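Copied over from Swiss-Prot:
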ACT_SITE  C131  active site, nucleophile
CARBOHYD  N42  N-linked glycosylation site
CARBOHYD  N112  N-linked glycosylation site
CARBOHYD  N314  N-linked glycosylation site
CARBOHYD  N338  N-linked glycosylation site
SIGNAL    1-33  signal peptide
SITE      R147  site 'Important for enzyme activity'
SITE      N292  site 'Important for enzyme activity'
Amino acid sequence: MGTPAIRAACHGAHLALALLLLLSLSDPWLWATAPGTPPLFNVSLDAAPELRWLPMLQHYDPDFVRAAVAQVIGDRVPQWILEMIGEIVQKVESFLPQPFTSEIRGICDYLNLSLAEGVLVNLAYEASAFCTSIVAQDSQGRIYHGRNLDYPFGNALRKLTADVQFVKNGQIVFTATTFVGYVGLWTGQSPHKFTISGDERDKGWWWENMIAALSLGHSPISWLIRKTLTESEDFEAAVYTLAKTPLIADVYYIVGGTSPQEGVVITRDRGGPADIWPLDPLNGAWFRVETNYDHWEPVPKRDDRRTPAIKALNATGQAHLSLETLFQVLSVFPVYNNYTIYTTVMSAAEPDKYMTMIRNPS
């Protein structure tokens, strides 16, 4: 993350990399604490949008969730924005995208929150998630995808992190990792089709992004990931949707498929793609690493997670790539840091191996 704590921590990266090269691939790598598995819930897409999250919410203390919402909003939202958005939401509720707005209303009714608070906390995440995402191909042509999600408010959000299977007609449509009360997705998998993660591309203040969403009808970043997981039939369709749909903020979308060379980093402007960066394994580019900075630009020394990740992947080697070794790469400091909420590794060709670990658990 681009914070003073992480910037200072990055000075130890060279020592960490030296240790990395001394470790065997079978040994655990530089974990501060043992990670934990988040709870798994089913969300029925056959249920009414207002009701579909309630079975999951019943496993959580409403007071704790409300306190987390208040913390995020209080830290991220100026009071004048809160008052203005409260008025706007009431006027334009019918124009906000479905089923997301109805789902947020159902969550708010259960938690005794206003719709404005629910919309605000969902949009507040849109421009605050620092991350590392990797898509890679092994020597047999198998595609692997991993991500760390770094975010403030870790003490609360680690307790609200969950894996969710979205089910329709008794079948799993897609699997994702999210926070309780949050209807968008930053990490997800459509089985036997594709995987997606989103990384923040820091441009503009987030409340400007929110206003754009409400006034222009553009899609929030995380809502488009969920829409793509719901509707896209294959890797190519997913890439097209993620590249072309107007957004409320800039972002990096990382997509993995099921066939050789099906891996890409999409650098997004609000209006469309700024760059498409695919895997090119025939020319030695068997992985792509994205860490919140345009790949064609040097990363700032204060927040260089890219170089340690690349060195760890090269130390691993294409022939030894697997979900397990990719998890190890994502566990190397400062790729893994004090702000890391969770790590997910996934492969759409092997959907049952989707795995999330909560990091830095208290």
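Cβ atoms here come from the backbone N, Cα and C positions, even for glycine.
Features per Swiss-Prot, on structure.
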residue	record	Cβ neighbours (10 Å)
N42	N-linked glycosylation site	12
N112	N-linked glycosylation site	10
C131	active site, nucleophile	24
R147	site 'Important for enzyme activity'	27
N292	site 'Important for enzyme activity'	22
N314	N-linked glycosylation site	12
N338	N-linked glycosylation site	16
Q) Checking the recorded positions N112, N292, N314, which are within 10 Å of R147 (site 'Important for enzyme activity') at the Cα level? A) none
Q.
If you compare CA-to-CA distances from N314 (N-linked glycosylation site) to each of the recorded positions N42, N112, C131, N338, which comes out shortest?
A. C131
Q. Of the recorded positions N42, C131, N338, which sits closest to N112 (N-linked glycosylation site) by Cα distance?
A. N42
Q: Measure from the Cα of N42 (N-linked glycosylation site) to the Cα of every one of the recorded positions C131, N292, N338, then give the nearest.
A: C131
Q) Could you tell me the C-alpha distance between the residue listed as 'active site, nucleophile' and N338 (N-linked glycosylation site) in angstrom, no decimals? A) 12
Q: For N338 (N-linked glycosylation site) and N292 (site 'Important for enzyme activity'), determine the Cα separation and express it in whole Å.
A: 17
